[in-house]
Amino acid sequence: MPRQYKPLNSSNSQKDINPEQVASLASFITWSYLDPLVWKAARSSSLEYEDLPPIADYDRAEYIVPRSEKVIKRFKERHIFWGIIAIFSKEVVILSLLVILKTVSTFIAPFSLNQLLLYIQNGSAGAFYRPWMWVVFMFVGPMIGSFSFEYYTFLMMRATVRLEAIITQLVFDHALEIRVKEENHPEQDEGKAKGLEDLKPQTKDAQKSNLVGKINNLITTDVLNITNGRHFIMVVLPVARMIKLFGWEDKISKQIEEKREAELALLRKRQMLNVFNGNIKACVVDTKCEIPGANTSPAVLILYPLQTEVLDRLADDKTESEATIPEGEIGFRNASFTWSKEDNNKDTDVEERKFQLSIKGDLFFRRGQLNLVVGPTGSGKTSLLMALLGEMHYSPIGDDSGFQLPRDKGIALVVQEGWVQSGTIKENILFGSEYDEERYKKVQCRLQQDLSLFEAGDNTEIGEKGFTLSGGQNARVTLARAVYSKTEIVLIDDILASLDVHTGKFIVDNCFMGDLLKGRTVILVTHNVPLVAPVAEFVVSLDINGQIASQGSLSDALSKNERLLEEVMQEQQLIKEEETVDTPEAEKDTKQKGKLVLAEEVAVGHVSWAAMKLYYSNIGGVFFWVAFVSGVVLSRSSAVVAPWILGQWAAQFEHHPTENVSSGFYLWFYALALFGDLGGYSFSMIIWIRGQLGASRRIHKILISSVLGTTLRWLDTVPTARVIARCTQDIATIDVPLPALTVGWVILTNIKLTSFAAVIILVPRFIIPGITIAVLGFICGQIYMKAQLPIKRHMSNYRSPIIAHMNAMLTGLVSIRAYGAETSFRKESLKHLNGYIRPARSYYDCSRWVAIRSEALGSVLAGILALYILNDPSQNASNSGLALAMAIAFSSCTISWVRITNELEILGNSTERIEAYINIVQEPKPSKSGVPPAYWPSSGSVVVENLCARYSSDSPEVLHNVSFTIKSGEKVGVVGRTGSGKSTLTLSLLRCIPTEGKVIFDGINTESINLDSLRNSITIIPQRPELLTGTLRDNLDPFSEHSDATLNDALRSSGLFALQEQNDQVAKITLDSNISGGGANVSVGQRQILALARAILRGSKLVVLDEATSAIDYTTDAIIQNSLREASKDASLLIVAHRLNTIMDADKIIVLDSGNMVEFDSPANLLKKSDGYFKSLVDESGDREALYEIAEKAAKGDSRVEILL
């Protein structure tokens, strides 16, 4: 009789009820409530996610996480293990009782067998119970054990799923509260931690710098057990785009292989120890569930909070900071701020001291007005915003110290480089707010023109990290989010630095002065002072030491800060010269209607033979399998013969006197059987380990080669989290669980066959019931597999969103806290957890469904045989005992065999997922014919003929019949408006996208050259260079090809040392300085300097620079330009320009418009065309005469040409 549904919360009961909650007792203990699901799967080709039972209310993350948080907080000062035990205290008690019951039940069948054999041997004489009772016990005992074990497993797996959700959310919640220190700041810019200048030589603490990677590890596997190889993969994959641009695929693959070999060496040692120590049991296979967070070490979780630093306002020892500030004021009073508590150590050596923001006296911003924060590079302008938000560590200077930022009416934050999530442009702007069409249309961030380039408009998807948008578009989408919001306070961090002058003017005139920001408090950090000065009502100036230089009017700020005055004058000059030369936008894919990130495909039906063949063919050939199976057969046959020898030996004493029995003869044969068992098993396992490790090595190599060898388009459309899952979790399955199950399956198959053969030999008539039971077990397993495979696939596919959401949160951590969006992100995390819990619970419950039925069939088999032997007077006790023992072994193995066969195919889902990523679209592989001559390239000459390009084979053409010639050593500028194809041209030269036409580099058609040779010969410095986690040395010379002296020379030539000399207040960078993941702790300009140093080391004859000068300050810009000219004297230089002044001295100018080259000539000649495109750009600029003068001097070959910076 079904039970009545009792909701946990009567006021909020579920509409969709999980059948587990209303199942009768009989249905519950046999898992019959899953019958509809299993039979539906049996009748259809696959199960959709919606077909799975809904989550029970007591399994929902919204219930289990808050309940557990209360318990864990009580154990805050103790090991988290005790908190987990407290959470699952009820389950622990029940599990303990079930273990006792299972243990007791294991004695019932052997005891009953003993009594039954005694009855057969002695007859009814002295028998107290009838023999049929022992037969019943032989059936009931195993069934009791089965029910207790399966319920034990049910509770364990339910607790595992719940614990996974608890741990994942625990890490997520703690990550929302941590202080992001300057070593790992995800939204870093040049003023925040003063960039590279603040980096000190790497110490043991530097290992903590890759925050995102470490937290990803924490929720996917045990950090203490993760190997260097998998950690290295997590570092490498996010910068796969950079690896391809530099042609490093082969070298990176070799580094990964070296670390992989170290992994496999450890695995080999463990496997061999298991073999020789006898720890591997043939019929007990480790089927450890690989789910995110479930195997995370409690030790790691207790250490993780201790190794991170929470925000002051959330810390237990927080310092009150608002008591002395008048209510409603925004600002500071006698306050000091650093990026971590350790930075306050007054005994720290000067060379290692971190940046400190010091505000003496009062600094209150004006409510309802636009407040400007200005200062020279490195003065801490962004640090001021972060301090106001409470992101920095606060230290009082006096008794009346404090700072205050009212949050009751909301805060919006705009970071310089922009922060967007994977989703549509519209979703990023709304950011969870309700859609107001009138307000939405008033958001004047000049996005209308950009949206018109996309077929799907604002429904166009933004890829992971916003790679599908330009830097300026990212910034404007981020600004649009803040403008659309209804928060009273808006903090803007140098948004104008990412925009060209005309777009910047539009933003100032139409956005900052628009209706949506009118009456709101805006605090704007910028070095574009002339652009904003007319609308600024209050100006705060910082000096280079991180102190307030002035506050009030702009004239006050300039009069008290000479360095600021110098930069403002230079910036004013740039504004006159600069012209709109935007970076290109991601091309729309007309077939996807704006959708970029495709849904993860889910296979249907059984795991394909191709996927299983991928693994088993890589283990070994025919000789391997013959040797392995022979060892297993020898081992099992010896194991069956050994007890038969003992039986024959014992029978001799019944028919012969003791002195006539040759004990030595039987003992020798028995020892030989034992040796055959041990030797055969050890031989087969050693052979297997060799093959298993070889398969793991080869498949891993093929997968990494495939991922690194794919196209840029594929990398843009597939989230990194999915790729990481294949290279870590699925590879981990191939390393341990899959080979362990395979060995178990082979051994159990052998046990089944030998046991069945022994029973048939001893009891020939048993062949029919034995085959019947085996067939029924096989049918049961096939029905089960029809349901379990699709559930496993859903389970695998719902892992990635958990990691992806964690990454998105960590990347925009400061913005999320500023908007007060922690609650919505927590809810989204719980939603993703629920998405995973639903298939996870169904997966483990279906395992119980098949297990209980298989075990029942095994018990029936043993009972039938016992009844048959009991009624067969010709059977003696010795043969009967052996037959029953073999029957029990056969029945037990039938249960395990069906389970492992099913589990083997389920784990094959990992090979299926890997096989899918091995067969992705690939770039052309290197060949012997594609190796260029040793001298190539000896010059930087480039000839382009009728070049056409598209972003993918099925996307529209974006570059049309472009032809030009670059002579060796020439400097060529590329200009054009938004979407003209400038960056597309640079990617085409590197063959990063499908192209047609000819590109001849130093006399050789690039189509005939291997891609790695081509890309190693051309260096591209992208607008947003990516850096690897590690030291500066690792980034400059990742393959240890140069000496430290050479590396320092490259840094000096790149201008880094000159930049550091501008500020002698902080520590100087060395080759051992730590760089966090992606270069998050350095500014955009500094990343370009490091990329330039890398280009100098490469010594390329062709250097392509996609300028980032629109996003960096004057000093860094000037150093980059001067260093570039000095370092590339012997190389051809192709510059995608953002400022006309930087290319007016170029030898040639390429002018692009809508993918067509409309002009190509020297600047002087282009300026002579009365209706020329380039001439119109120069004539419209604010400093026409100066630009003409530069072009004329360059045309005359005047070596004294000065670039207007």
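Glycine is no exception: its Cβ is also placed from the backbone N, Cα and C atoms.
Whatever TrEMBL says is automated annotation, not expert-curated.
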Q: Among 302-329, 554-581, 946-973, find the range that TrEMBL records as coiled coil.
A: 554-581
Q) Tell me, what is the mean pLDDT of the domain 'ABC transporter' (330-570)? A) 79
Q. Looking only at residues six or more beyond either end of the transmembrane segment (665-689), which have a C-beta under 8 A from one in the stretch?
A. 268, 271-272, 275-276, 280, 282, 624, 627-639, 641-642, 645-646, 648-649, 652, 739, 743
**Q.** Folded-back contacts onto the transmembrane segment (132-152), same chain, C-beta under 8 angstroms, at least six residues removed
**A.** 29, 95, 98-99, 101-102, 105-109, 111-113, 115-116, 119, 848, 851-852, 855-856, 858-860, 862-863, 866-867, 870
Q: Please figure out which one of 80-101, 622-645, 757-781 racks up the most CB pairs under 8 Å against the transmembrane segment (731-751).
A: 622-645
